[in-house]
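These features come from Swiss-Prot:
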- Arg116, Lys156, Lys161, Asn165, Tyr200, Lys201, Gly202, Gln203, Glu211, Arg212: ATP binding site (BINDING)
- Gly644: Na(+) 1 binding site (BINDING)
- Asp647: Ca(2+) binding site (BINDING)
- 802-815: compositional bias 'Basic and acidic residues' (COMPBIAS)
- 823-839: compositional bias 'Basic and acidic residues' (COMPBIAS)
- Thr145: phosphothreonine (MOD_RES)
- Thr371: phosphothreonine (MOD_RES)
- Thr705: phosphothreonine (MOD_RES)
- 1-60: region 'Disordered' (REGION)
- 802-839: region 'Disordered' (REGION)
- 111-139: repeat 'ANK 1' (REPEAT)
- 154-186: repeat 'ANK 2' (REPEAT)
- 204-229: repeat 'ANK 3' (REPEAT)
- 250-277: repeat 'ANK 4' (REPEAT)
- 286-322: repeat 'ANK 5' (REPEAT)
- 336-359: repeat 'ANK 6' (REPEAT)
- 394-416: repeat 'ANK 7' (REPEAT)
- 456-472: topological domain 'Extracellular' (TOPO_DOM)
- 599-630: topological domain 'Extracellular' (TOPO_DOM)
- 653-656: topological domain 'Extracellular' (TOPO_DOM)
- 434-455: transmembrane segment (TRANSMEM)
- 473-497: transmembrane segment (TRANSMEM)
- 511-532: transmembrane segment (TRANSMEM)
- 536-556: transmembrane segment (TRANSMEM)
- 560-598: transmembrane segment (TRANSMEM)
- 657-683: transmembrane segment (TRANSMEM)
Amino acid sequence: MEKWASLDSDESEPPAQENSCPDPPDRDPNSKPPPAKPHIFATRSRTRLFGKGDSEEASPMDCPYEEGGLASCPIITVSSVVTLQRSVDGPTCLRQTSQDSVSTGVETPPRLYDRRSIFDAVAQSNCQELESLLSFLQKSKKRLTDSEFKDPETGKTCLLKAMLNLHNGQNDTIALLLDIARKTDSLKQFVNASYTDSYYKGQTALHIAIERRNMALVTLLVENGADVQAAANGDFFKKTKGRPGFYFGELPLSLAACTNQLAIVKFLLQNSWQPADISARDSVGNTVLHALVEVADNTADNTKFVTNMYNEILILGAKLHPTLKLEELTNKKGLTPLALAASSGKIGVLAYILQREIHEPECRHLSRKFTEWAYGPVHSSLYDLSCIDTCEKNSVLEVIAYSSSETPNRHDMLLVEPLNRLLQDKWDRFVKRIFYFNFFVYCLYMIIFTTAAYYRPVEGLPPYKLNNTVGDYFRVTGEILSVSGGVYFFFRGIQYFLQRRPSLKSLFVDSYSEILFFVQSLFMLVSVVLYFSHRKEYVASMVFSLAMGWTNMLYYTRGFQQMGIYAVMIEKMILRDLCRFMFVYLVFLFGFSTAVVTLIEDGKNNSLPVESPPHKCRGSACRPGNSYNSLYSTCLELFKFTIGMGDLEFTENYDFKAVFIILLLAYVILTYILLLNMLIALMGETVNKIAQESKNIWKLQRAITILDTEKSFLKCMRKAFRSGKLLQVGFTPDGKDDFRWCFRVDEVNWTTWNTNVGIINEDPGNCEGVKRTLSFSLRSGRVSGRNWKNFALVPLLRDASTRDRHSTQPEEVQLKHYTGSLKPEDAEVFKDSMAPGEK
């Protein structure tokens with residue numbers, strides 16, 4: 001008894017990680033102990049939240065505090081400790097053995113391990129605590145991948161726990177755990193174990209090592225069989241609006257690329273154990289290039305690292321897989337990385353891809369821009385139109401023009417070359433003439449519609465009989481043409497809404513003109529129905545259609561820059577300032593009208609005698625014969641106050657004159673003085689604010705008109721009017737001729753000179769000794785036309801590409817000061833080059 005008491009006194013202050021509960025000496029060691037004393041301070045239970053319908057707090061990937069304490073964990077025994085097992089809900093009692101029992105020669109029981117003890121050891125990077133783990137697993141025939149050694153809620157293993165608890169970038173237990181897993185024949189399963197909860201589902205140790213930017217651990221894991229194609233597709237790794245998380249493309253390669261770790265990217269692609277597939281896609285079909293576009297945010301630093309990483313991966317992929325066209329792979333939405341950058345408004349990445357020019361001979365086929373010639377600051381560049389022009393599905397022009405109004409940088413992206421010059425080329429060559437012709441036809445249609453409406457019959461009920469007169473024949477012809485135009489606009493509007501399917505917000509922002517044309521056609525069709533229904537109300541619907549028809553004339557101002565910008569300002573002021581003004585004004589009008597109507601009482605003073613002729617009445621004593629005790633009449637009178645034409649004594653049929661005057665004065669102050677002046681101030685501010693924005697919006701509207709006109713052509717006509725020209729710009733990696741549909745843009749750049757530019761033609765404006773004509777203009781920006789008739793470019797491009805293939809030096813023009821003497825062969829070169837100029 002004294003011995004037990006002494007032991008109890010020694011264990012009165014147990015360590016923080018152990019619970020000691022001494023029993024009395026006369027108690028059976030196997031009996032159930034009394035319940036443990038509860039903690040004085042109640043701990044808040046932490047709930048793991050993974051689903052979208054759960055609380056806003058998301059569970060962390062790792063936490064130093066394990067849930068459930070020791071209640072749900074098996075017992076832990078140490079060789080120098082005798083463990084008394086209790087029930088699952090009770091604590092575990094630990095008692096030290098006496099020196100006599102140790103000296104008796106009784107065999108010391110092996111140490112037992114559970115999830116808690118292993119997790120604590122790896123979190124502290126304590127390898128000594130895991131020395132007996134291998135023997136324990138071998139004797140118990142267990143593995144580290146068994147469910148009892150995993151977190152029951154997240155599926156986290158001790159390896160994942162160790163990866164999340166690095167000390168100075170390393171954890172000594174990781175190599176030990178991998179060695180134990182190898183000796184228990186569970187290495188591959190252990191190293192590829194991932195989270196199983198919905199929030200971090202699929203994340204493996206390799207993902208964590210890459211996220212921790214630890215090259216040594218990445219190498220160690222890949223050497224031990226880590227799956228380089230493991231996909232982390234939990235909710236945290238998805239691009240969900242309004243939820244925290246980080247989308248990187250799910251795959252380890254994409255994670256390394258999106259976190260700017262080029263060394264790990266190269267290792268994953270070039271290691272000898274398990275190279276990553278550079279063309280692998282995630283659950284939404286995005287490749288590593290798509291993922292880079294997704295993480296771009298248009299800031300300077302982010303755009304710089306994304307474009308550099310994009311370029312490195314593209315070149316590395318070309319060297320590893322020469323025939324793979326990585327940039328042409330599409331996701332499940334059918335978008336290439338270029339189209340994805342356009343649809344998401346990543347203007348920095350978009351400009352880089354469109355203007356990418358690689359000078360390395362073995363990777364020059366990756367370029368989308370080829371410098372034809374350069375002279376001083378002037379560069380003549382050939383832009384590859386693949387995935388840009390409307391001849392291909394999901395082209396960049398269509399994606400930008402028809403994208404949602406919420407797309408950032410939507411207007412500015414059309415100013416990036418070659419998009420800006422390409423649209424201008426289409427407008428100058430054929431769209432401009434078609435647009436002006438449509439404008440003329442619409443003006444003629446409105447004149448016919450107006451004439452037919454003005455000379456309509458006024459006697460009798462419709463439909464009216466046709467008299468055998470020239471005037472009636474012209475009138476009926478005009479009516480038929482007017483109705484035909486209404487039917488055309490109706491079906492064109494239906495086609496537009498079915499193809500574009502705009503949202504409610506973009507419907508009033510981007511589809512402003514289409515809505516007006518559609519409403520005009522609806523009024524026309526309603527007028528036709530009322531006309532044949534013997535109702536004279538057809539006139540009301542017809543005049544509304546007529547008024548909207550002339551208003552829609554503003555649509556054709558987009559063909560003229562100054563008028564187009566002015567029309568955009570009117571549209572923006574209507575949608576922004578005027579709509580807000582009308583909402584507040586209608587609230588005031590309705591509120592004060594109901595108050596005035598309630599105050600007015602019908603009486604003889606409120607109307608004129610019947611015998612008084614209205615047209616002879618003058619002054620405030622003359623009032624119309626209707627009663628003002630109606631909301632309609634009162635609203636009309638109050639509206640007159642808004643425009644400064646109201647009369648404070650428009651009626652005298654009230655009992656509280658002071659209240660009546662106060663209501664009218666308050667209405668005048670709030671509407672005529674406050675709201676109208678505020679509207680004028682807001683309109684002036686809007687004009688100043690959107691001056692430059694209006695120009696870009698006008699360019700976007702004109703771009704939509706250009707694409708709509710081009711889409712109305714037959715397929716054969718589209719090819720005939722296609723901008724650019726098919727040219728050979730070099731050779732493909734498999735040795736075939738590399739033909740591209742190119743568009744030439746002449747640029748002036750005062751920062752980039754022709755010292756380090758891969759130039760196709762040595763002589764500016766002179767190809768194979770044939771000079772260009774003086775009709776060449778830097779403003780043309782076109783490949784087709786007379787600029788291409790004066791020289792043969794394809795043979796020269798083929799020769800330039802051949803020189804690149806047989807030469808180890810890249811083609812660069814080096815301007816150096818020459819101090820030596822000329823050799824004979826140099827003289828021959830100069831003589832040949834000067835010969836054309838001397839002729």
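Note that Cβ sites are derived from N, Cα and C of the backbone, with glycine treated the same way.
What Swiss-Prot annotates, mapped onto the structure for a quick look.
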| residue | record | contacts (Cβ under 8 Å, 6+ apart) |
| --- | --- | --- |
| Thr145 | phosphothreonine | Thr157, Ala181, Ser186, Gln189, Phe190, Ala193 |
| Lys161 | ATP binding site | Asp62, Phe119, Val122, Ala123 |
| Gly202 | ATP binding site | Ser194, Tyr195, Ala230, Ala231, Ala232, Asn233, Gly234, Phe237, Glu250 |
| Glu211 | ATP binding site | Leu255, Thr259 |
| Gly644 | Na(+) 1 binding site | Tyr672 |
| Thr705 | phosphothreonine | Val431, Phe435, Arg558, Gly559 |
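Below 8 angstroms of C-beta separation, residues 298, 330, 334-336, 338-339, 342-347, 350-351, 354-355, 387-388, 422-423, 500, 502-503, 505-506, 509-510, 693, 696-697, 699-700, 703-704, 707 of the same chain, each at least six residues beyond the ends of the repeat 'ANK 7' (394-416), sit close to that stretch. Summed and averaged per residue, pLDDT over the repeat 'ANK 5' (286-322) gives 92. Residues 462-463, 482-483, 485-490, 492-493, 496-497, 500, 502, 538-539, 541-542, 544-545, 548-549, 551-552, 554-555, 571, 575 of the same chain lie 6 or more positions beyond the ends of the transmembrane segment (511-532) yet place their CB under 8 Å from a CB of it. Residues of the same chain lying 6 or more positions beyond the ends of the transmembrane segment (536-556) and with a Cβ under 8 Å from any Cβ of it are 435, 438-439, 442-443, 446, 449-450, 453, 456, 461-462, 486, 513, 516-517, 519-521, 523-524, 526-530, 567, 570. Other C-beta atoms found within 10 angstroms of the C-beta of Thr371 (phosphothreonine) number 21, with every protein chain shown included. The CA atom of Arg116 (ATP binding site) is located 65 Å away from the CA atom of Thr371 (phosphothreonine).
DSSP assignment over the repeat 'ANK 7' (394-416) gives 10 helix, 0 strand, 13 coil. Residue counts for the repeat 'ANK 1' (111-139) under DSSP (helix as H, G, I; strand as E, B; rest coil) come to 19 helix, 0 strand, 10 coil. Each of the binding-site residues Arg116, Asp647 was scored by the number of other CB atoms within 10 Å of its CB, and the largest score is that of Arg116. Across the structure, Asp647 (Ca(2+) binding site) and Tyr200 (ATP binding site) are spaced 71 Å apart at their Cα atoms. Of the candidate ranges 434-455, 473-497, 657-683, 657-683 has the most C-beta pairs within less than 8 angstroms of the transmembrane segment (560-598). Every protein chain shown contributes to the tally, and the Cβ of Tyr200 (ATP binding site) ends up with 25 other Cβ atoms within 10 Å. The stretch from 204-229, 250-277, 286-322 with the most CB pairs below 8 A to the repeat 'ANK 6' (336-359) is 286-322.
Long-range contacts of the topological domain 'Extracellular' (456-472) within its own chain (CB-CB distance under 8 A, at least 6 residues past either end) are made by residues 530-532, 534-536, 538-539, 542. In this structure, the CA atom of Tyr200 (ATP binding site) is 48 Å away from the CA atom of Thr371 (phosphothreonine).
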